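Feature annotations, reproduced from TrEMBL:
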COMPBIAS  A:498-509  compositional bias 'Basic and acidic residues'
COMPBIAS  A:514-523  compositional bias 'Polar residues'
REGION    A:493-537  region 'Disordered'
REPEAT    A:116-158  repeat 'WD'
REPEAT    A:203-245  repeat 'WD'
Amino acid sequence: MEKMARVTTALGGNTITGRTMFCHLDAPANAISVCRDAAQVVVAGRNIFKIYSIEEDQFVEKLNLRVGRKPSLNFSCADVVWHQMDENLLATAATNGVVVTWNLGKPSRNKQDQLFTEHKRTVNKVCFHPTEVYMLLSGSQDGYMKCFDLRKKDSVSTFSGQSESVRDVQFSIRDYFTFAATFENGNVQLWDIRRPDRYERMFTAHNGPVFCCDWHPEDRGWLATGGRDKMVKVWDMNTTRAKEIYCVQTIASVARVKWRPECKHHIATCSMMVDHNIYVWDVRRPFIPSAMFEEHKDVTTGIVWRHLHDPYFLLSGSKDSTLYQHIFKDASQPIDRANPEGLCYSLYGDLAFAAKESLISSDSNRKPYIGDRRHPIFFKRKLDPTEQFEYISSSSALSVFETDVESGSMDWFVHTAKQYALAGRPLAELCDHNAKVAKGLDRNQVAQTWTMLRIIYSSLGTVSSANLNHSIGKGSTTLPLMNSFNLKDIPSGLGSESRLDRSKGESRTENILMDSSSTLINNEDNEETEGSDVPADYLLGDVEGDEDDLYMMDHENPHAEEQEYSLPQEAFPLRHEIVDNPSALDHLQDKADSPHVSGNEAETVSLTPVESFSLISISHSLYENRLPSDFFNPIVRDTLLFYAEQGDVQTAVSVLIVLGDRIRKEIDEQTQEHWYTSYIDLLQRFQLWNISNEVIKLSTCRAINCLNQASTTLHINCSNCKRPMSNRGWICDRCRQCASMCAVCHHVVKGLFVWCQGCSHGGHLQHIMKWLETSSHCPAGCGHLCEYT
Amino acid sequence: MNRLSAGPIGGGSAASAAGQYRVCGNCRKVPRQEKRVQVSPPLTRGPSAFIPENEVMQANGLDERTNLLVEEYSTSGRLDNITQVMSIHTQYLESFLRSQFYMLRMDGPLPLPYRHYIAIMAAARHQCSYLINMHVDEFLKTGGIAEWLNGLEYIPQRLKNLNEINKLLAHRPWLITKEHIQKLVKTGENNWSLPELVHAVVLLAHYHALASFVFGSGINPERDPDTSNGVRLIAVNNFCVCDLANDNNIENASLTSSNFGIADSLSELEALMERMKRLQEDKEDEEASQEEMATRFEKEKKESLLVISGAFDDEIVSTDVSRYIEDPGFGYKDFARRGEEHLPTFRAQDYTWENHGFSLVNRLYSDIGHLLDEKFRMVYNLTYNTMATHEDVDTTTLRRALFNYVHCMYGIRYDDYDYGEVNQLLERSLKVYIKTVTCYPERTTKRMYDSYWRQFKHSEKVHVNLLLMEARMQAELLYALRAITRHLT
């Protein structure tokens, strides 16, 4: 606790010190208010009404105003206010509609002074006149505001808002006679206290109830309002029409607003539901709160600045039965946690990067990039030098880095997406088809994967053990086939390590830039070097150490072999290519750490390692012959992970869909969801809407599936007046007619609507079809010769 | 048009070949099972068994607006009986249809068939076969799996999990706790997301309340203009067509008109208006009543105990309905009765619809808040300033008394309301009616409907039903949403 900031402020002889602290109340608070000298606070709620003094280190209960054995509803407070002129005078608004005043100077235990039972419904708000001792204002659910003179028994005047309940009333701080009232229907009214017959002005401030308002303590024209529509608005009332000058969008309905003393643009807010934090906003910067207090565990119901002229202490009461004193120094500042950089890839591998200008400029001074790829653009927001406020000083720069066209070509992606078959046929056919597609695009490794999937999952049942025996002999040539999947853990691990090393020395921007460009340029490069890149003994060593893996792959090969009998010869060279995949992977991992897809993988053949360890494998191949297909699931899973890791999420997702339940359980939901979203995102960027929709439909993830159910709205124009239809149904608001009538049956078409492009008449698909079978003229009788094809 | 199809009808047509028919548990009449029975459609029946047809027709025959509204919002595309009866109050009808259309057809977290199935589940709690029939149709039309209609055993576990909350919400919403919510939301294979849950809760509350309206207004089963497709027949024929509770238009019809003298009911009306005026003008006894308020609320609560709509045998629920419900014996139990555990009264000021309910519901299921808000506001403020034959009457106190009395039976208390007013304004027969309609609507009879406010117009009684329906819906929502809020904090 000692670490907490201790703040001392001197205010004209009055010194306020303190730290962040809290105390437990016995019951939820509804409202709080402070005494003029900032040393005491009153807390009121349904079951609590107490005065605490604010000491250096703690709150000390001074007085319990809830007296009597069975307290009446008069003690059940919706609001409380402490007079700023007289420290003995308090007023409360009771939920049963009574306004009560309390005199702390009374000698008896019961401090209740006066009782006004004029309101018929709950009183939402009471407010003392800032300079007049005896004037009290109340606003109630029944739609009336009443002004009381405390020297009299009854109200002096009654103001009728002529509308629904009053949610807040506030005397203007500077204008002696003016007060503002906010209403449940979203209106704000200004009244002159001398004229109870009619409001001075009225305007609609919010959509839905306006829960609160607060006059600016210095600037006399400003009124802040907060509403259920989650907005805080600042109105300039000096002009003839109230003008909205600032608007802050919060995340929940706004229950209270309070201007921060001595800071012209700061305002504290708390919410009524869901959100428990207190925010202090700079109204000029409406998107991020400048400070945040996160102590409360339930909604905050009352906030008040401890002293009229001290901006550093904020008191708050909450439904979680605590009373807090917040110190500004301890506030969390979301701005510190905000990420000041933004980064985005375009479809073709261009990269846009935005960051604080200071960051960028120092960077680019230091090191020139590969020149021709970069077209930096800078945006700046210049500040008004008169503003003394330091948070706002920010300017940022946006750079765009482009890549040349061919190397980033994604044609294969589009083609693959279009041609793949994902459902509707037996598994074997799907796999074959997709393998062919992949092969047609020179993606041999992917083609091979599809072929193997077919072998694993669709032919297993039919393979007899006799066949297996027969195939073992041949197995030796193809044994290393599976290597790529088992070995890849190690290389990729290494890859990422080396990546880390690289990135250490350099700044982030540069690293990303390098990576992206090198991936794209080095594609050809890759192919040439990768065979020699990885030492063969390294590969071997790994295989020896990992017998289980070997055993597994051995097992798969016989099947593969057996199947390939029927396949044309060209299958053989393909197999070898996969062997060197580990090295290719190594390479790619090294360079492409971006999600960006790297197109054609390794093509080169490296035979050395193959021969060397085929011997080891054979010894294991005799073990088991018949295994359930889920035995291979781990391998297939690794395959998919491998592809996804490489950036080829297309293959991963396609396999996932084709295999369906066979593999789904192996991969955790979140990963699947991640793949799906990435793939769908890519598809949509390429405007492959139909395919992305198909993928969504076929996906088994709930989260993905429901993408199709959200925002299924279709916007249409009225066929009569050509204006947009409101989204409420079938009648045009403007011309009061049903749009889209069927020309045949004269009913509204709610579904497929077909129309002639010549005369624009149309109707139900079925009806039109039927009609045009027998007649060639338009059913609407316009004489047009319609045609249905 | 295929006239042979058996459109559902009521009335004493049970005479024939009983052996082939099942007996409906609700009305003990025999529903038709075979399609080929020739039926002459009853000609004189309007949309409601309680309200003469011409009352409804004259109100909406002229009303172009209603037809437009139906075009716009009806999911079935036709003017159903509920809409016809409601169209007496066109203003309200618009917000009703709009919100109903939104929750059934517009963007929302739940798939369309789910929505209708939830409606079926909700209506089944009150054995409201009218609504069930309607939504069985819609369920199939929106692509629901027909197998689900065989009963709860055939639906996914996820939907089945809603049973508990459906049951509580329908009969004893005050028992809903955040634990119930947690159980549904807890991550797992069958969990509900919060938006989905809110959508479901809104649907449940809507259809529980609508069941109240259906029974309260004696809505007749739909006469099918066109039942040529087989789907509908299969679905419909399994249900008894008695539909409105205890088809009493026959048994009771004679009782009502003759037994009561016009004279004393006239003076009743005068007295009621007198009392209303007094309440509006003076509220002088406040000093005394401060401490008494609480006791008055308790008293009203207790008194609602005595207002029991006669002794009912344990109803036999027909299997057609019961397959959609679990624990059919679970019913409304008076809030005030459980002295032992004594649940705390719900303080309306601590969780109001305007402040809290709205914000939560709108956050999780966007825009529905505005629609419901408009609907509640509409029904609360709807008035024609008439009472029976009198005009220019401020009925605020009366409407408030009705609204708050319903909430009182659900244990919701307003600090700023003097429950003594309920006693003064609502006569005993009305209280019986209110309690029956809101708590066990399936027991409503025409006699109850007729026996209160004999001088009032039918349109005014429909207005009462609207108030009861919305008050009930709000009460259910408040309890459910409060539980969700507690779960969130």
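Our numbering is plain: 1 for the first residue shown, then up by one each step along the chain.
Glycine too: its Cβ is placed from the backbone N, Cα and C atoms.
TrEMBL labels come from automatic prediction, so no person has curated them.
Source: prediction; values computed, not measured.
Long-range contacts of the repeat 'WD' (A:116-158) within the same chain: residues 78-81, 83-86, 89, 91-101, 164-171, 173, 176, 179, 181, 191, 193, 196, each at least 6 residues beyond the stretch ends and with a Cβ under 8 Å from a Cβ of the stretch. Cβ atoms under 8 Å from those of the repeat 'WD' (A:203-245) belong to residues 167-168, 170-175, 180, 182-188, 190, 251-259, 261, 264, 267, 269, 272, 281, 283, 308 of the same chain, restricted to positions at least 6 beyond its ends. Secondary structure counts, DSSP: the repeat 'WD' (A:203-245) has 0 helix, 23 strand, 20 coil. On the 0 to 100 pLDDT scale, the model's mean across the repeat 'WD' (A:203-245) is 89. Helix, strand and coil counts under DSSP for the repeat 'WD' (A:116-158) come to 0 helix, 23 strand, 20 coil.
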